[in-house]
């Protein structure tokens, strides 16, 4: 129908029947203006001038005085938009015009002042951003895709730094200050603890060699347990100084909970911001070939090799789109028997993937059980060989987890090719499986520790009957869990250093100065953004899991990520090149933030379980006199005045939780309705873009006919 209409209008123009008519008639024939009959009486004809009669079927609403003023205001706005000025200059001109027109109220003046203040503060903060010049240099040499990885790394550094300052300011610093000043500390009596549960003494006996101290530093045992790094060194005391009371146990509990809440709010805020951009950039309607050709270039590139890589990346994306289109056509042309065989093959591959995951998880479980049972039975090492063996046994779960994270994703990459998915879907499927492997390996480690601490969940067992946990093998189980997370962090850092020094640099030397055949077969190292980001997410999840039992772990993770930033920057400029196969979701980072939220949710489980359900160690830590960690908050609430105590008890009752849940449900339905209305508006805007494209095609046809 549209083609017939275009042929008819083109013949009229070629015949000269429109030559004596004004240009507005041509605008009335545009495809977008032809849909005015579906828009109601509020729609206006494109190209209509003041006082001109609209064609039949189009409402004439431009004749009134009010409409003329609106048209004049629209013309001024359009003229301002067409000026070759930056946004700041256009904003200043608009404010001056409004001020001259006398339209500024006090509220508008206050808003304008606040906007100017925010812009000035934003410009100052922009120049004080961490690694701003480095990120600009990386973007200029390698593009925005790799710069997004380093930007994500900077976000994690700031997140850990704020968390370390928060925990250090409310827990570590007061404990150090009270211990140094030797203030009056009132330690609560451990009335409920039995004498067998108090056997915990990490002090080494006798002469200890220097090599043993190095082993203790790497494994977090020995003298490391007597530092503020781990949970067991903190005291369950309260300090009273001239009417000021500070409870260390309550501060410890609230600091950990507020740290998790701060991370949640910050990540959600960043995810929402990136989701808005991702919905536009990843939309299929806006990812056409013309946009990739005419608007896909990165004008921030200043390095000639980076420009060549960007050319290859754009060419690869176009090739990938063609391959995906060919794959969809091939899938549509398959016979029912071929589809049945393909689905059967995919099912077998998924079973093999599940088997690989099961083998990896079982190895992690066996390594954890062997490591914990062996370390619990051994005494202090007196020789270097025995100390090294104990260090190797203590790091056995970390070695198995890291080895599984390196080897199993390679098998996933081989198996996914048998499933005959499009390549973009292959990348996403491999990433999902790798994410599940990394996070589930931590879950298996925590479950293995839980089974040994709680005697497989049987509190009436012989080893757990006295204290509620296995006090013989785990006299301070919180410190033991913190040690496992500490060893994972240290081993992850050591693995990155060894891979960089022993794999990437030698590969660069061999490719650059070795035989030509070897250089062609091996090739230069690619900087793969998804794999590196998943390494960051894994390390951050380890930090969150151990933050409840190792308060200084966020600080150590901050130092680790700072070192990692400079290490990755060095290897990027020296050894690597951008990957030819780009991952489109990495441009918005929303997928990785979603995985980061999943890691945060996993870290909440052991923290909340240890706070509310699992009894704390009675021989160490700030909660040694309590039946549960949450009991410290209940005792603090009982010490408040009656009005405040009644308020907190009401907030924790069903009379407050049920109405709050109903209000949240109503608010959720409102947001769903609002999102539905926004989606309709987006569809209308997309339709308008398509109509504008048809307008351009129509005008080009008319110009061609005239020429």
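A Cβ is built for glycine as well, from the same backbone N, Cα and C atoms used for every other residue.
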Of 110-134, 185-209, 210-234, the range TrEMBL tags as transmembrane segment is 210-234
To which of the residue ranges 62-84, 85-107, 246-268 does TrEMBL assign the term transmembrane segment?
-> 246-268
For the record in TrEMBL, which of the ranges 10-38, 271-299, 300-328, 387-415 is the transmembrane segment one?
-> 387-415
Which stretch does TrEMBL mark as transmembrane segment, out of 435-453, 454-472?
-> 435-453
So which residues does the transmembrane segment (246-268) touch in its own chain, when a touch means Cβ under 8 Å and the partner is 6 or more beyond its ends?
-> 159, 162-163, 166-167, 170-171, 174-175, 178, 234-239, 544, 547-548, 551, 554, 593, 596-597, 600, 603-604, 607, 611, 622-623, 626, 629-630, 632-633, 636
Which bits of the chain, at least 6 residues beyond where the transmembrane segment (348-367) starts or stops, bring a Cβ under 8 A of a Cβ in it?
-> 396-397, 399-401, 404, 408, 411-412, 415-416, 418-419, 433, 436-437, 440-441, 444-445, 447-448
Kindly report the helix/strand/coil residue split of the domain 'TMC' (476-586) according to DSSP, in that order.
-> 88 helix, 6 strand, 17 coil
